Structures are given as structure tokens and as C-alpha cells.
């Protein structure tokens, strides 16, 4: 997969170049304004030929989050119109919940519904700050409190101030009791849909055991095998494959149509359900997904456009968070790194994330008015 | 109790908390599943074992007259803090909106106040703002050994999937039971409406009547009486027996469901309850002893000696915590 390979090379580039680049100039450069006007107060980055990858340090403006924008392959030459754009692209944010009480105790959690620790709460709030300027129209979570709390705590930070409302469909009564009777209020709401299909992988007989007990009960080799395998289920539990099956199926049937309709989506879920989805988005192999580690509480951004998912790494967040992320480069693919990768083209006619940039502009204007 | 006349509003399903927790424990305990009868009140009988019995080992079966864990138990009531619709001045009712930053801070503060009071069992409503309040409060609890776990019984699958396979871990868990009967009063057609708009639409007096009357429901909604009926019934059938056994209980819920319960605990009249206002995020402590509820006000906080002077048992618990954390 070309992007996977390029991430690899970029990572090694990052680790060598990072120290020199960090202090480099942070001037935002304006894109060639061939087809449309760009507001100079927005942060845009240089463009090159399509498919060249370039590493640009993300800058954070004084007042708001800045993140990369990308340009698509040359398509339309018309001035992009917001209403048209709405149906063309959508943002997808993935957040893995932070530390839970059993993480802290080193117990296999799986689908046992344990809450976040104080640290997990802070991670959720921090994640919220990073995505505070990215539009969100609908939220999907698992049916477990640690993911739901992560989503709700993150949304407290959101600039738009729309109110998340958890939908209840467990019974007719639950549905009718949670009905909202004001259209205006509904417009100011972000529906939150809990789905068991986004739950953590079910860990079967390991749920509640600590790692030591597990090694004693089943043997080190067996445990090692489970960790390395894609399709071997845990006793009375799921394999990663089984988890991926139900998570991806749910994503395809329920989430992708929303993105296709132009709705911006946030998914707050768990390590295994999210990497299953990422496997689908990035077309990873089984081997690749097994070695994929997602940082907790660091949101990942994808742009969905023309039936394609383009990974945009983690929104940087306020300046401090950017530096904090810089020091945590750990993994091959999903590092909490200050550098953001993107594709761009100098000949393009449209700006892939222009809509997001305009949204951010609107938020800035609104906050100035206050 | 004059105000709780019948259980007709209550479903005839099995008592949810017994069912959930007995499955959660998965020990060979003979926890009888109480069947509900539609038309009249059911008292918790001595032959029914409560859902938590840490005293008994798995090999023993529950005797007919169960052995009590303790003669007294604490009951903590916490009303959740500010929600996003409180902030916007919208009627919330049973719409599931989360807490604001302030509401989160209130929950944490409440947690600090109860950090020295034992909690064996938690009941919440099915709404996220109450659940979050409970979970955030418990992050502050000084007894770090035990972890709250939300029980799931919405389906067979949910039960199986959330099963805990280590007995030691189960023993160090506090079951959390979510019950719709503890939900906020259902506000019907007012849900989502701005309080000012509603006053304009229906008239200030009508709105005042709905909010403050005991019997009159808002359109398509519940009266305080209806809310009290289902909340108190749930309390009597599921929570009181736990307290009677000696389990310490925390209830995180809402203004109307909690004052309904307080009406039952303090034997208030319907007039008294309509003027009862509960502070948000301020826990209320009751001691249940000899089948009586004694109100102990709001625990002041971990630094104040007063909080462990409530009863000798609480003082001893506090001492044990100090020793274990020293």
C-alpha cells in the first residue's frame, strides 16, 4: 500500500530530521489562488505535485487549532460552493478511550464495563481540545461507559457548542421518553448512537484476569500465540478477526452512509474495534493490523471523499499539546507526532479540506464577536 | 405510604437488579428471582437474599434467613450536576444529555466528600449524566481496591459478554445497576423547550403548576406523583433489601427521582416534597438501621472529622482506610 510505505519512510525521516525542523520557519504559505479566493488568515501549506508526500510541521495559531489541509487531484475548476462541498467530503474522527480502572490494575478488560480513571478523564478532555474545531454531526460509541464518557468529555471542549444527545432505542418506552419536542433544539443537537458492535474485543475467560494469572493458567506460549494471532479466538471469547467482522460490518452499514451523505462523524471506541476499522480504511493486512497500536486519547482524523478515506493523522491541538505529541513518537503508523502528512497538487481546482478550514474560520469569527 | 398506592405503572418483569447482579456474581447462590405482581405492593421478605453477599463463600448456599453483613448501612444520594441543557435553560426530563464542565467538577467534588464512606453497590438512572456523576465521583474514592462495574442485562449476549472470570476481581468490584425507574421525571412535550418559550406558549402560571404541583402532569409527561411511584417502588423492591442486609449503597440520580425517594425516607407530605430542592452535586447521607432511615446531612469532606463521626462503623471504616493508605 503506497501510503503505508510512505508513512514508513516518513517516520524514519521524522526521527532524523525532527530536531532540525522543529525550529524552522512556521510561515503559513498561501496556495495559488487560481480558482478561488483564500482567506489569508487561514493556515494553508505549500503544494506540490500530487502523490508527493511532504512533511510539514503543523503550526498552531494563537487562538485556534491548525491542521493540515490537502488538495485533491485535479477535478473541478469551479469555485467550490459550501452546499456542494457538504455532500462531497466529510471528516471522520476516531478516538480510543483513555485509561480505565482495569488498565490501571493491569487486568484484561474486554467487554466488562469499567469506567475511566482520573487519568482517563484527563485524556478524554485533552482529546476534546484537539478536535474542538473539527465539525461533528453525529457520534458513534460502543455500549461501554468508558467510550461514552470519553466522547461526552471530549465534546465539552467543542467550539460549536452543539449538545450531544444519546439516543435510546432499547424499547418503545425508552424511545418515546427521550423524545425532543423542539425543532430548534434538535438542530442544535449531535445524536450519539451507542452500538455494541463497536465494543472492545470480547476477551472471554480472560476478562478480569491479570496478565500473571493468565500466564499461569494457560502458559506463556499460549498467551504469546493469542497476542500474535489474527484468527485464533480466546477461550469463550473473540479473535481479532471476529471483532473486526462485526465492527467493520457495522461501520459499512451505519457509519459510511453518513459520511457519504456529508455528515462529519466521530467514533469513540476501543483499541481492537478501532484498529479493525482502520484496517478497513487503510486496507491493512492481518499482519499489519496485529502490530498496529493506537495511542489512547489521541484522536485520528480521516477525510472521506469520493468513496475514499484519506488519513490525516492526529489534529495537533493547542501549541502545548503539539510539543507534547512531539515527544511521544512511538509507532510506525499512528504516532502522536507533530508532523502531519498529506498529499497535494499544484494544479488542482479544489481544496480538499477547504470546507474544514472555512468552518474553522467561522468559529474564529464567532469567538471574536463575543 | 399514602403516595405510593399501586404498582400498576410498574412492569411485571423480573426485578432487574437481582437478575443482573446474580448473573454478574455467577456464584452458585440461590438468589430467588422475585416476580412482580401488578396490582399490589410487595415487601422485601426475609427469605430473599440480596444480590451481594460477600460474606458467604461460593460453596455455601443461602440459608432461609440470610445472615446479615451488618446491622447498619449507609445510603448516599447524589443529584447530578449541571447538564448541557441546564446551562441552556431547556427542559431536559428524560432526554439523555451529558454534563457540562461544571457538572463534571461537581461530580468530582461530590466524590471527594464521600471518599471515606464505604460503597458496596451503586444504583444510577439510565441517563449518562447520572452515570457519569457516579463514575467521576468514584474516581475520588480512597478505597482504590474496588472498581465499579456497570452490569449489562439488556440481552443474553450483553450478559455473557460482560462476564468477569476471576473471583478475586469480582470481589473487588462494585456492581453498578442502571435503572430507568431512577430516571428524571419525564417532561413530555416540554422536553427540549426553552423555559421562557414554554412560559410564552402555555402561560407562566400553567408552567409553574406543572413544575410545582404533585398531581398534574405536563402534556404527554409524568406528574411528580407518577415519577415518585416508580422511583420509590424501585427503591423499596431493589435497594432497601440491600441496605437491610448491610450493603452500603450509592444512588446517583436526578432531582425528581431523588426527592421522591427522600419523600419516602423522611416521610414527607406531597406539599413538603414539592417545595424540596436538592442541591446538585452535594451528596446526602442516610444511615439505615433497625429499619429506619436517619438523615445525616451532607458529608463535609475528607478533611473534616465530622464525616466519620456519623457512626462508629463509619469511623472504623475511615480508620481502616487511613491505615491501608498510610
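Any Cβ shown, glycine's included, is placed from N, Cα and C.
On a predicted model such as this, the values are computed, not experimentally measured, just so you know.
Quick look at what TrEMBL lists:
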- B:80: active site, tele-phosphohistidine intermediate (ACT_SITE)
- B:184: active site, proton donor/acceptor (ACT_SITE)
- B:79-86, B:92-93, B:129, B:184-187, B:195, B:211-212, B:255-256: substrate binding site (BINDING)
- B:254: site 'Transition state stabilizer' (SITE)
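In this structure, the recorded positions B:79, B:80, B:195, B:254 were compared by how many other Cβ atoms lie within 10 Å of their Cβ, and the smallest count belongs to B:195.
Across the fold, the C-alpha of residue B:195 (substrate binding site) and the C-alpha of residue B:184 (active site, proton donor/acceptor) stand 17 Å from each other. Here the binding-site residues are B:82, B:85, B:185, B:255, and the one with the most other Cβ atoms within 10 Å of its Cβ is B:185. Candidate recorded positions B:80, B:82, B:85, B:185, B:195 yield B:85 as lying near chain A, with Cβ-Cβ distance under 8 angstroms. Here residue B:93 (substrate binding site) comes close to B:184, B:185, B:186, B:187, B:188, B:190, B:191, B:221: these same-chain residues lie at least six apart in sequence, with C-beta atoms under 8 angstroms from its C-beta.
On the backbone, the CA of residue B:85 (substrate binding site) and the CA of residue B:254 (site 'Transition state stabilizer') stand 14 Å apart. When other Cβ atoms within 10 Å of the Cβ of the residue listed as 'active site, proton donor/acceptor' are tallied across all protein chains shown, the result is 28. Between residue B:79 (substrate binding site) and residue B:254 (site 'Transition state stabilizer'), the C-alpha separation comes to 5 Å. Cα spacing between residue B:254 (site 'Transition state stabilizer') and residue B:80 (active site, tele-phosphohistidine intermediate): 6 Å, rounded to the nearest whole number.
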